[in-house]
Amino acid sequence: QITSKSKESIWEFIKSLLDAWSGWVVMLLIGLLAGTLAGVIDLAVDWMTDLKEGVCLSAFWYSHEQCCWTSNETTFDDRDKCPQWQKWSELLVSQSEGASAYILNYFLYIMWALCFAFLAVSLVRVFAPYACGSGIPEIKTILSGFIIRGYLGKWTLLIKTVTLVLVVSSGLSLGKEGPLVHVACCCGNFFSSLFSKYSKNEGKRREVLSAAAAAGVSVAFGAPIGGVLFSLEEVSYYFPLKTLWRSFFAALVAAFTLRSINPFGNSRLVLFYVEYHTPWYMAELFPFILLGVFGGLWGTLFIRCNIAWCRRRKTTRLGKYPVLEVIVITAITAIIAYPNPYTRRSTSELISELFNDCGALESSQLCDYINDPNMTRPVDDIPDRPAGPGVYTAMWQLALALVFKIVITIFTFGMKIPSGLFIPSMAVGAMAGRMVGIGVEQLAYHHHDWIIFRNWCRPGADCVTPGLYAMVGAAACLGGVTRMTVSLVVIMFELTGGLEYIVPLMAAAVTSKWVADAFGKEGIYEAHIHLNGYPFLDVKDEFTHRTLATDVMRPRRGEAPLSVLTQDSMTVEDVETLIKETDYNGFPVVVSKDSERLIGFAQRRELILAIKNARQRQDGVVSNSIVYFTEDPPELPPNSPHPLKLRRILNLSPFTVTDHTPMETVVDIFRKLGLRQCLVTRSGRLLGIITKKDVLRHMAQMANQDPESIMFN
């Protein structure tokens, strides 16, 4: 219609162009908004994290780093100290050292953290309960064809953006990456509601949401291609080629917008950008694979413990006190985190420091090696050196931080606040990896004559890069928890710019997936989908049982017959009674109760609306008017009331299978078409109906699970 009209006038031609371009316009808008929100979140988190420790006197809206940029009094050794930036103790009691100053700083750190967390959980509870959690399990469910009303609404978008800043700044063990995908999908939903092409078509809207998820990961990690692959591998259900191009465009625009905001001031899209210059050697694959095994074991442990804790929260009284739970966890986190310098700072900064290579300009404790006084080498390529006291201190602090992170993340993920899982998992892996890296480095230094080191590690050479081990460990742990492989490796090398380290990353990712899959096939998102009982048919699962449609369909033998409408023998009152007495979402329409030949399917919502409108607008439609779904009205006695024609709301091509269709095929149909129900016929006669929930119950029964435990109530 649009194409034929476009030849009539210039205005119609412009309208046809707008229609053709609307998809790309939506992508452009999503990219711009998602990139802007991500930039604002990054800047706000940076400032509020530093606010817990001190304040900038020259301009209170500056973070610690920005405050000392403009200062002329900084020296190279004390680059963090400048007169404009004052810790709370200096400001309030004019002391920077000593026990009283430490205790005051400690107390204020905890108070700020509690204040941020309380504000966040209150906002979520009062304004947008759907803003809690990561959002990825629900988005996977929505993309599989299930509707969660209000989940992608404007309030959710606003509250999630604000509370995300608060919870990340409060120092809780969570990241902003998962929630950014939810935020981007809210943007996608908002913009697709402005174009009738998308607002009236659920299938097209889901394609937009798939692309929005890619834009979300693109700004979360500064990894546009990784975002597209993440959407393809992890989030999306149906991913045609058109969606691939659109996702690519949305991710590009989002990354470009974030880059122009430049939240970190280093022209990079992420905080932890690194460049390594040393190659890796074959012998190092062994520790890389060990890190992969550690990642898989941590993933399994985390999923089992976290799901057990979340199930406790659902089934016991713990779930009735969400605000109290958040406050208690925040207090415990802040009290334990402050004394250890590695847990005090924000997790992104910690990962950044663990990834970093020790150059000549590094002031970190992890780089406190003993230098050779008569070393005359270029600054860039520093040889392996023996560890100094700072490295040993850092090692045991990292070990304590690792144990703390592992435990506290289990309790934090799943509380009633926005919480992402990528950053804590990467932190656990990076800490383990950095410790392994330092161990291998010292081993190579002290035993360079061993057979494994002799070929590639001469004295005075820079052979082991501990930062690389941290990067591989981070990838392994993230892979163990989420079971991503391809997108994970691409995100990691986009994140770090290390193209030559693809093989170590692949080795670690595949090992961690194998190890974790040995203990259970579900990643954390699938586990949460099952815990919440969302009707989600996983594309990755295979259905291998030899049952038929007739074994699954309702009604079974001995059950009440199926509620149906007839094509021309029911009155308006009969239809209204049927709607009142049942809570089904739709009704099959048959020729008559005797023949039961299927005509079509009528949705409950459309029936209610059509009858309501007819009673208001059409004269003569009363309770005993006949409802007919045929082309021509039925033969009626002369003085009968005006009949009501409802053919336009009838779906004349409902999806049907025969009673002997194998369930393997039925499950495939449900997956690939995102169906909600499917009618079962035999030679045109209606026998029963199979809904998505029936399919899920049947699959649970076949896997020897309790079918009632998996359903969303």
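Any Cβ shown, glycine's included, is placed from N, Cα and C.
According to TrEMBL:
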DOMAIN    553-617  domain 'CBS'
DOMAIN    650-708  domain 'CBS'
TRANSMEM  21-41  transmembrane segment
TRANSMEM  106-131  transmembrane segment
TRANSMEM  152-172  transmembrane segment
TRANSMEM  208-232  transmembrane segment
TRANSMEM  285-309  transmembrane segment
TRANSMEM  321-338  transmembrane segment
TRANSMEM  394-414  transmembrane segment
TRANSMEM  421-440  transmembrane segment
TRANSMEM  468-493  transmembrane segment
Helix, strand and coil totals (DSSP H, G, I; E, B; other) for the domain 'CBS' (650-708): 24 helix, 19 strand, 16 coil
Selection from 106-131, 152-172, 208-232, 285-309, 421-440, the stretch that has most Cβ pairs under 8 A to the transmembrane segment (21-41): 208-232
Contacting positions for the transmembrane segment (285-309) when only residues 6+ beyond its ends and CB under 8 Å are counted: 406, 409-411, 413-414, 425, 428-429, 432-433, 436-437, 440, 469, 472-473, 475-483, 503-504, 507-520, 522-524, 527-528, 531
For the transmembrane segment (208-232), sequence-distant contacts whose Cβ falls under 8 Å of one of its Cβ atoms, 6 or more beyond its ends: 23, 26-27, 30-31, 34-35, 38-39, 139, 142-143, 152, 176-177, 180-185, 187-189, 191-192, 198, 238-239, 243-244, 246-255, 257-259, 268-270, 420, 422, 484, 486-487, 490-491, 494-495
Criterion met for the transmembrane segment (321-338) and the transmembrane segment (468-493) (at least three Cβ pairs under 8 Å): no
Closest-packing stretch to the transmembrane segment (152-172), where packing means Cβ pairs under 8 Å, from 106-131, 394-414, 421-440, 468-493: 106-131
